[in-house]
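Below is one structure; the comments refer to it alone.
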Amino acid sequence: MASPRLETFCCPNRDPATEFVVTFQPVLFGALGLGSATLSLVFAVLQILPKRKGYRRLGQYPLPRPASSSRILFIISICDILGCTGIIVRSSVWLGLPNIFDRVSVANSTEAWPEVFCVGSAVWIQLFFSASFWWTFCYAVDVFLVVKTSAGISTIILYHMITWGLAVLLCVEGVAMLYYPSISDCEQGLQHAIPHYVTTYAPMLLVLVANPVFFNRTISAVTSLLKGRQGIYTENERRLANEIKIRFFKIMLVFFICWVPNIINESLLFYLEMQTDINDHSLRNIRNASLITWFIMGILNPMQAFLNTLAFHGWTGFDVDFRLQRSRELPWDSASTSVPNAAGHNTTVGATLLYQSHVQEAKKNMMSKGQHHSDAISVLSEGNWALTDINNSPVYQGW
């Protein structure tokens, strides 16, 4: 799980609240975290692998390149997978070497590797999950810009600079202030640890607050754009707007489920830290609630990797295609999602022609309304238009 408490635990002179939750049933907590992270990693990787029989991709045919939002979804999944990898390694060491807790707790110990591993694994996990938060925010910004200003793939470079730069900067700054003057002799006090917690939760809170706003404005812009194409709002266009709305809702739902427990747990532990004696009988319910949310975090945080892929693309199936010539074709790198191949090549080719004719029709209708709307429709069609074949089987879904 990704919690600043695990980095605080690396200090031998840690606060009582951190000591209380981290040392409570560490074997059970490590086992739950290991199981959750392993399950999430396996299914997340399975989701992004190319599929074969029963699924044919429109990417085999000449279609436009996807917008940068398609690549952002892939990068988010990679960050989640790397974060899960860190949790697996850390939990495995905790289970294999249970006395590592005692070694970390010894001040001025001659053994450096327990503290190095404690800090290194915690920083690794925080870095990649923090990067995932920043990329999730950039995704909300990007889909809004795609609709409003026809932003393209070139913006991905700017997103890389922003996300990785902020993730590394905040992570290094928070850890440096937490472990000042040294890991074995951290400064005590709540005020000393606050900057570290701020740098950890700032990108998380940004996504929780800003992304719903951007998603809502994007949906409104898409609706207005679709109505302006021909002056009417058809059933297909209404269905497209509804699909986009459901996609955004699922992304935010996964984020709330996986990370809101962290905020609740941190609030409870901060409250305990402000008390003179956290073992006081009157604080029993607070202690129990903090332990419950602590274990919920250990299970739900790693599950973001798999749940995100479900929110992005739905279930892609088990039929993985390991052939080399198609290994580069990721589910979100082409212009469509998987499509049942019940009707052979004709269905896919027909859908492709339908796609191309739709783009041409949209451009033709918007020619008199300015280049901006034409480009925006093209981008929407490229990454977001739901197509159906003659049997009304969905063959393309975007974003």
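Any Cβ shown, glycine's included, is placed from N, Cα and C.
All TrEMBL annotations are machine predictions without curation.
Summarising the annotation, TrEMBL assigns domain 'G-protein coupled receptors family 2 profile 2' to 26-316. Annotation source TrEMBL lists transmembrane segment at 27-49, 70-89, 123-145, 157-180, 200-219, 248-272, 292-318.
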- Does the chain bring the transmembrane segment (292-318) near the transmembrane segment (70-89), so that three or more CB pairs sit under 8 Å (pairs 6 or more apart in sequence)? yes
- Note on the structure: With the cut-off at Cβ under 8 Å and a gap of six or more residues from its ends, the chain residues touching the transmembrane segment (123-145) are 1-2, 4, 6-7, 67-69, 72-73, 75-76, 79-80, 82-83, 86-87, 90, 151, 155, 159, 162-164, 166-168, 170-171, 175, 200, 203-204, 206-207, 210-211, 214-215, 217-218, 221, 251, 255, 301, 304, 399
- Confidence over the domain 'G-protein coupled receptors family 2 profile 2' (26-316), expressed as mean pLDDT on the 0 to 100 scale, is 85
